[in-house]
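Heads up: the structure comes next, in structure tokens.
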Amino acid sequence: MATYKVKVATGTDFFSGTLDSISLTIVGTQGESHKQRLNHFGRDFATGAVDDYTVQCQQDLGELIIIRLHKEPHSFLPKDPWYCNYVQICAPNCRVYHFPAYQWMDGYETLSLREATGKTTADDTLPILLEHRQEEIRAKKDFYHWRVFVPGLPNYVDIPSYHPPPRRCRNPNRPEWNGYIPGFPILINIKATRFLNLNLRFSFVKTASFFYRLGPMALAFKLRGLVDRKRSWKRLKDIKNIFPATKTVVSEYVAEHWTEDSFFGYQYLNGINPGHIRRCMQIPDKFPVTDEMVAPFLGEGTCLQAELEKGNIYLADYRILDGIPTVELNGQKQHHCAPICLLHFGPDGNMMPIAIQLSQTPGPDCPIFLPNDSEWDWLLAKTWVRYAEFYSHEAVAHLLESHLIGEAFCLALLRNLPMCHPLYKLLIPHTRYNVQINSIGRALLLNKGGLSARAMSLGLEGFAQVMVRGLSELTYKSLCIPNDFVERGVQDLPGYYFRDDSLAVWYAMERYVTEIITYYYPNDAAVEGDPELQCWVQEIFKECLLERESSGFPTCLRTVPELIEYVTMVMYTCSARHAAVNTGQLEYTSWMPNFPSSMRNPPMQSKGLTTLQTFMDTLPDVKTTCIVLLVLWTLCREPDDRRPLGHFPDIHFVEEAPRRSMEAFRQNLNQISHNIRQRNKCLNLPYYYLDPVLIENSISI
């Protein structure tokens, strides 16, 4: 008779426990136990509980390799979902086996779990283990399907549970709820989130903090009448009163300094879209700036050509926005442009705008605006650039390059790598809640009647078109941060704190990934010979990059260094890249003139005509402003249930070497955090968006 001591850990989130009957079968190399119900006097499997049980077997089962958890009805009680963290079994020889689960069992089902040691296909020799990993992948591919979101954009997750059950209503003539929440100014497609699978949903705590924060704020806007006013703002200072209780050092700085050229240029380096600017070695033909135009702003003893040769001239080109039609908002036609902005990095360390053209096509009706133009001409020209920044940031840098790309990485991981695979264990913490927040994003932003349709000058179709163009230009090198800085020519630009911090985090990730990868992949042949890894990479190329070869994304990985770079890129994209463009959104956008989502007058075609009144009449109206800020406030306010970068409470790795690597990674991140905070003490405007304690492991908000 062999005795096995079993520990079963239930999740800590509300309603993780179950009243259903749970049984266990243990499979070893020398036999299999009978199915035994796990039950003792009192409540079993309560939320947060770690329950102890004893399983008796007729013989020693040898090395334990698989367990099966059977969830069945208990008496007359209704079905009750259960979240299992893990199962630990102490064998008669005192060896402890760990079986990670970290998933919901919703219905009456059997869940097979492997022992936690990370293994590639080449490491498995037992037929039962090979069959188990194949069956796991087959089951996940049957459940998780790709779905076209918008042609030309990364595909996303289409799950059978997305579709609501047949409508049951006593009155068949009763109209179906249209999706509006009373008092909320935009349509929310609740169906896109309501039927999401439990394993992809927010925790109860996160859901409650997210939605219960949204409702009261929307109601407050309604009671104050802000979402019903379709007129211009009367005074700029009134915009400060939208969020009177959410002021920060940065948001106050933005409101006070937004008109200054130095702050305008600073945002290209350390704002919320710091990856757009690039060094200019030659003025493009479509932007006919002359030395006579900009000489007064370059300093004495130099000229435009000299500054170009020194590498002090930078360009922000918004050609991706060219030619996209606009829509009407609140009964008024909106306007649009694709500006070009030339900047100069001076000896005083300031990045200063020196010329702005509000079109991609030069001509007599498209003047080049300069800092010595009238105050309101120059300010409105800069505001048009900030308007273009809104779309460059929200559509490309934020939604496309972090959320949608990250979701594709996540789905490809779930479909192609079994739980025992080392890369699954390494990357699964960086996929947490990604699908849920993207479902909310589509429900809030990218549906008919949503934010893009009701508060953006480009509307839903135009906003999607910007993302499609963004994906058509996206490259693998641009997602690998060190390569991106070199390609844009900003690798040695002083005062670029985003670059300094992102490289520090990237290299810390790279060291961590290197230690994990080299532990499981001793040579290049192990990488090239891993079919599950290769299928994961191929599916990302197919479903995320849509098989576009010009993207430079690999279709296979052949060497250990290639795998290290690829995995680091995925990890960085799903964590730090998102933090850099998301965390500061409200601080930089709460002062609406710094980040307008729409413009109500056309771009200026001549100089000297802009006044304060025309400036105010060009900015978004009160309703549009408040709709945008309400949604951004909701999406930027981090709810509870955070997991900072490097915090891995779920035990996926059990080997000593990976555990040491995880601890070393945390120590490196702590040092980076300390360095950032020490630097910020000396700055008038701190940059902390890539402080590891503020970076989430995953895209979860």
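In case you wondered, yes, glycine gets a Cβ from its N, Cα and C as well.
Taken verbatim from Swiss-Prot:
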type: BINDING; residues: His398, His403, His578, Asn582, Ile701; note: Fe cation binding site
type: DOMAIN; residues: 2-119; note: domain 'PLAT'
type: DOMAIN; residues: 120-701; note: domain 'Lipoxygenase'
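In the three-state DSSP assignment, the secondary structure recorded for Asn582 (Fe cation binding site) is helix. In three-state terms derived from DSSP, His398 (Fe cation binding site) belongs to a helical segment.
For His578 (Fe cation binding site), the Cβ neighbour count at a 10 Å cut-off comes to 26, with all displayed protein chains included.
A Cβ within 8 Å of the Cβ centre of His398, His403, His578, Asn582, Ile701, the residues given for Fe cation, is found for these other residues of the same chain: Leu399, Ser402, Ile437, Ala579, Val581, Leu635, Ile699. The C-beta environment of His398 (Fe cation binding site), restricted to residues of the same chain at least 6 apart in sequence and closer than 8 Å, consists of His578, Val581, Asn582, Gln585.
According to DSSP, the domain 'PLAT' (2-119) comprises 0 helix, 62 strand, 56 coil.
Secondary structure at Ile701 (Fe cation binding site), taken from DSSP and collapsed to helix, strand or coil, is coil. Listed in sequence order, the residues of the same chain lying 6 or more apart from His403 (Fe cation binding site) and placing their CB within less than 8 Å of its CB are Asn434, Ile437, Asn438, Gly441, His578, Ile699.
Take the CB of Asn582 (Fe cation binding site) and look out to 10 A: across all protein chains shown you find 23 other CB atoms.
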